[in-house]
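Student: Once you've had a glance at the structure underneath, I'll fire off some questions.
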Amino acid sequence: MKQKFSSMIDRYTHQQLRIGLVSPQQISTWSKKILPNGEIVGEVTKPYTFHYKTNKPEKDGLFCERIFGPIKSGICACGNYRVIGDEKEDPQFCEQCGVEFVDSRIRRYQMGYIKLAYPVMHVWYLKRLPSYIVNLLDKPLNELEDLVYCGFYFARPIDKKPTFLRLRGLLEYEIQPWKYRIPIFFTTRSFDTFRNREMSTGGGSIRQQLANLDLRMIIDYSLVEWKELEEEEPTGNEWEDRKVGRRKDFLLRRMELAKHFIRTNIEPKWMVLCLLPVLPPELRPIYHIDEDKLVTSDINEIYRRIIYRNNTLTDLLTTSIATPEELIISQEKLLQEAVDALLDNGICGQPMRDDHNRIYKSLSDVIEGKEGRVRETLLGKRVDYSGRSVIVVGPSLSLHRCGLPREIAIELFQAFVIRDLIRKHLASNIGVAKSQIRKKKPIVWEILQEILDDHPVLLNRAPTLHRLGIQAFLPILVEGRAICLHPLVCKGFNADFDGDQMAVHVPLSLEAQAEARLLMFSHMNLLSPTIGDPISAPTQDMLSGLYVLTSGNRRGICVNRYNPCNRRNYQNEDNNYKYTKKKEPFFCNAYDAIGAYRQKRIHLGSPLWLRWRLDQRVIAAREAPIEIHYESLGTYYEIYGHYLIVRSIKKEILYIYIRTTLGHIYLYREIEEAIQGFWQGCCNSMLPAGIRVSPG
C-alpha cells in the first residue's frame, strides 16, 4: 500500500497535468476493481449516501465502502479489523460486506462510474468556444443543440440495406406529417424496430455521426475546399468576401482539430459519454453538523439526480413494453440536462437549483476562476522560499535587475547566509549564525549582497496567462518594503504601479537556476512569443515621463514671443518685447547645460540655445530670419524659428545654435549612448576572438 501511495505523488513519475478525452474503457479501468472473491465492483447504481439509522454508507451508493474503500483504515463496514499489509492475515477483505482492509486514503483517489442508459453529450465540447463538435461535423450549432436535446431526429444512412426513409439528415418528427403517416404502415412493435433502425435523436445520434467520421478524409476535403476558396478573386461585395474569409478560417480550424485527434490517438466519439465517472468521496465530502443536520457538496446532489433519472430511463427501456416514445424522449432530455448541470451548470439555459433556489456549484465552477481548484489550490498555494510585496518603479535599475527589500531578502536567503557565515569561520554553528542575522550585523548584509549577485530570483504576477508572467531577475538590496521593478518589463506581466503585488520565488536546484539564466531573464524576453512584437516597450508611466521630459517650450521663438500668454517671458527692462539673450542662456555643449541644471540655474523645461554641429545643407536657403541682431565688433545673429546663426563681418558662419530644452538633451544623450552600445556590440560579434572595439 505504501508503494501505491508513493507512486501517486512521485514528482519524477507525474510531472504534468493534462485535461483531455478518455475512452469508456479507460474510465472503466479507473473505476472497476476485482475483489479477492472475484466480484467486480465500481458501478454506482443507487442515489443514496448514508443510511439514516446506522449512519453508514449505503451499498452501491455514492459513498459505498465496497467501491471507494473503507472510511477508517483497516476497518470494514461490519466493524472487523485487519492489519494493513500483513500477508499473514487472510482474507484481505470482509466476506460479509465485501470491503477490503486497506488504508482509508484510497477514498481520495478511487473513482466509481455510472453506466448511462443512453449516450449523453459532453457539453464542454458542444457549447464552449470553439465548439469542437461543430468543427468536426460542419453543421450549425443550433441544429446540433436541437438534436442533442431531442428536438429533431436524424435519419440514419444504412449501407447496402433497403431503407424506408429516402431522406438523409435532420427531420423534425414532431411537426412534420411523419408523426401521423409513418405509424400507419406498422404495428407497434414493427414501428419501434423501424424507428430504432432508421431514426435516432439525442446524444446517441451525435455519437453515431462522430464514429462514422474519417479524419483523414476530412483533412483532404477541407484542404481541397480551402485551396479553391484561396484561388477565388474578391467579388467586391464586402459581405460575400467576409463570408469566404470566415469559411477559410473554419476549414483551417477543422484541419488542425482533425490532425490533433490523429496525433493523440483520440476518437471523436469519446466526446459523447457512455460511462460517467464518479469523483472520489473525499473530493465531494459530506459532514455531520448536528445529529439531525448534514452539510454536503453540491456535486453529490447533482449525482443523485443523475442516478434517479438514469434508473428511470433504464426501467422505461427495459421493463416497460408499450412505453410512449414521448416519455422516453423526455427522460433522455432530463438525463442530458442533469449531466450538463454536473459538468457546467447553467451553460445551456436555466441552471439547476436546490429547494432554497440556490444554484448548484458544478465541476466547472470548482475548477475555473480565481477561487477555483487550479488557481487557488495548485497555482496560488503558499510554498517555501517565496515572498510577496507591492511593486514600485525602479527607473535606475537595469532591465535584468530588480530591487528586493532587505526584510524579504534576508528571510528568503537565510539558509545561504548561514552556510557562508560558517564556511568563512564567522560563526561556529547555526545558532550563532542566526543570532548574527537577528542582530543585523554589517557582515550579514555584505554576505547577502554577494549571494544575490550570483543567484537569480523569479518574479510572478497573477494571473499567469502566458510564459512572460514569470521572469527571472538578479536582485539588489533596497530600502523599504516594496519590490522595485524596471518599468519596461511591466507589459509582459500586465502590471502597473497602482498597488499591484508580485510574488518572488527562489530557484533552489542547479537545473532551476540554469533554466532561469538561459530562458527566463527579462532581457532575453524582449519579443512576444505569440506574434513577435516588442514586449519591452514604453507604456503608461514611461510615456508620461517622456512627455513631461520633452514638453518644455517646444514651439518656435516667433510663436512664443508674439503669443499674449507668453509675453511676460520676453519682456525686458524697457517694457518692450524684443529678443534678449538674458532670457534664454547659451551653452557650448550639453555638459555645460547639465551643470547649470544641477546648480539650479535653469529648469528641466526651460528653453535654451545649444551650440550644434549642423550641416549647412540642411539650412533652407530661402528661409528668412525673424530678427537680425548686430554686435559692436561686426558680428551679427540671424535668429530663425528653431535655430540661430552667428556670422562674421564677412558673412561666414561662425557658430550654429539650436533652440531646445534640457529634457530634449537628456533624451538625445540616452538614445545616442544606446545606439553606440548596440553598434559596439555588433562590431565585437563580427570581429575575430581577442579583438574588441572600445567605446569612443
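Here the Cβ of each residue, glycine as well, is placed from N, Cα and C on the backbone.
As listed in Swiss-Prot for this protein:
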- CYS76, CYS78, CYS94, CYS97: Zn(2+) binding site (BINDING)
- ASP496, ASP498, ASP500: Mg(2+) binding site (BINDING)
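Help me see these features in their spatial surroundings.
Tutor: Secondary structure at CYS76 (Zn(2+) binding site), taken from DSSP and collapsed to helix, strand or coil, is coil.
Counting only residues at least six positions away in the same chain, the Cβ atoms of CYS490, GLN540, ASP541 sit under 8 Å from the Cβ of ASP496 (Mg(2+) binding site).
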Student: Which has the fewest other Cβ atoms within 10 Å: ASP498, ASP500, the binding-site residues listed?
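Tutor: So among ASP498, ASP500, the binding-site residues given, the one with the fewest Cβ atoms within 10 Å is ASP498.
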Student: I'm trying to understand the geometry here, so how far is the Cα atom of CYS76 (Zn(2+) binding site) from the Cα atom of ASP500 (Mg(2+) binding site), in Å to the nearest whole number?
Tutor: 53
Student: Tell me, if you would, which residue among CYS76, CYS78, CYS94, CYS97 (binding-site residues) has the fewest other CB atoms within 10 Å in the structure shown?
Tutor: CYS78
